[in-house]
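Student: So TrEMBL lists these for the protein:
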DOMAIN    B:6-79  domain 'Glycine transporter'
DOMAIN    B:92-164  domain 'Glycine transporter'
TRANSMEM  B:6-24  transmembrane segment
TRANSMEM  B:31-52  transmembrane segment
TRANSMEM  B:64-83  transmembrane segment
TRANSMEM  B:116-138  transmembrane segment
């Protein structure tokens, strides 16, 4: 198991926890919680693969991520009252996963001959926020990433740096550069509370919901 | 026309009725009711085909199911006040369709070289509940299958039995075994009111909505 | 740049404006407004390409439409208070785009060997209303095209005329015929307020929301 797998698995667990907590909070039944958690965890990757024509999706060819998110969900069902104390740890996990998936997705987009910085970035953003958009749509919320948090901007910065750095570096350097920029920037956003403006009203007026971390 | 086609058409009609009734109840216009009914009826199959890379979807290559759901919807528009009396018959129809689509989808997943019990089951579940999730998302409801009813568990049991029985039996035996288990279990669930627990609150407190039957 | 490109770009701009205005009205942040506008503008085309197996989608291979919708959105962010005066101009733009996309999609469906009038029409309808359905689902509204307006019927008429006219005419004649019928009919609908009935209640009772124009 490479370091990269560890980053990705860390992210999958963080995303699954976010989906499972939302499901429990919305009073879904056990099956609903499971579907919501798995969708949040691997939905973005499936959406990416379906759109770029990489079918069947990677997670369908190798069910590892699938099984990991299911196990994480079952864990959450027994520990959800107690998980709240680890909110900040989960956010760091989420940032690590976001960085790993941004880099993987940008690389995959290039592989599929999508050679344009706009499109490579779009593919990375779809992977990064797709799962969390599905989660919020399923539980009848306007997607959190549209309303409150500078989440996708870190993915955008990471994907752009990946795209341009691969002209100058070979091997895995662009991949790790993208990971460091995305994850680093995301942790800064969490720490310093950076946010996007809302047009017409002050963004500061809305308190962010507590237990929502966007997933992949 | 084989017995299998009869099962599938029975299911398509039940799913289309469920979508059309939801649309009428939500005061959509005639076009909206039609789209909602067709989406409920064939949306799960389209989603399955798009995800596993079997494009264009089967229902796009042969529009029979499409036309059947449209005709069923037009029928519902004239008889919806009167259909309520046949709620239990429609549920039986729905169970027959669920069994047929579970078996067809599990078989199709194997054909696409998705040789893992987890993934074959996931493909069957997506087909079975995909249409009803789309229906509920369109009309701004949290998907019914996430909240209330042991619907997908029957699909899961059917798909698992299909996957393992095909190692021991040849021909159509795994297909029919899957159908009998899925449909039989579903009818038991309806009859005895079996349900999943909701974490943190008692599931029994929520009364199920009346005219919602999950579709494909 | 051909006349056809001008029609399509006109439509993309109208659709992006509709998405951006909805996002601003729903108090999304700048990133949310951008995603909503781009989704409304190119979501229908992406959905069409994914379903018919034309992946990666056209807009991913050539990011022109993508960039145009982003620029239009930025324009809207600075002028949204003032845009309201041009509501009717935007509706005409929208009608031009709808005609162009209906014709392009119907042609593309035939190219993918989907040779059935039902399916060619369905593909055109998915392209025409897919983006606006996504927009409404994201902001927690029941899709506008299901509730209020004879929008898709003009696409249906256009696609049917395309399908049958290509047996009698060669070259671009079916394409332009489809465009003229779809756009012409749509402008008539706007001008004379034609509408679909709602079953069980009078359609006239619901006032249409102000700043929603369905997009692609």
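Cβ atoms here come from the backbone N, Cα and C positions, even for glycine.
Curation does not apply to TrEMBL; its annotations are automatic.
Predicted, not measured: the structure shown is a model, and the values here were computed from it.
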Student: Mind checking which residues of the chain, 6+ beyond the ends of the transmembrane segment (B:116-138), have their Cβ under 8 Å from one of its Cβ atoms?
Tutor: 15, 18-19, 22, 36, 39-48, 51-52, 98, 101-102, 104-106, 108-110, 144-145, 151-152, 155-156, 158-160, 162-164, 212-216
Student: Do any residues of this chain, six or more beyond the ends of the transmembrane segment (B:64-83), have a C-beta under 8 angstroms from a C-beta of it, and if so which?
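Tutor: Distant contacts of the transmembrane segment (B:64-83): 8-9, 12-13, 15-17, 19-21, 24, 30, 33-34, 37-38, 41-42, 45, 90.
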Student: Looking only at the domain 'Glycine transporter' (B:92-164), what are its DSSP counts of helix, strand and coil residues?
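Tutor: Computed counts for the domain 'Glycine transporter' (B:92-164) are 59 helix, 0 strand, 14 coil.
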Student: What average pLDDT is reported by the model for the domain 'Glycine transporter' (B:92-164)?
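Tutor: Average per-residue pLDDT within the domain 'Glycine transporter' (B:92-164): 89.
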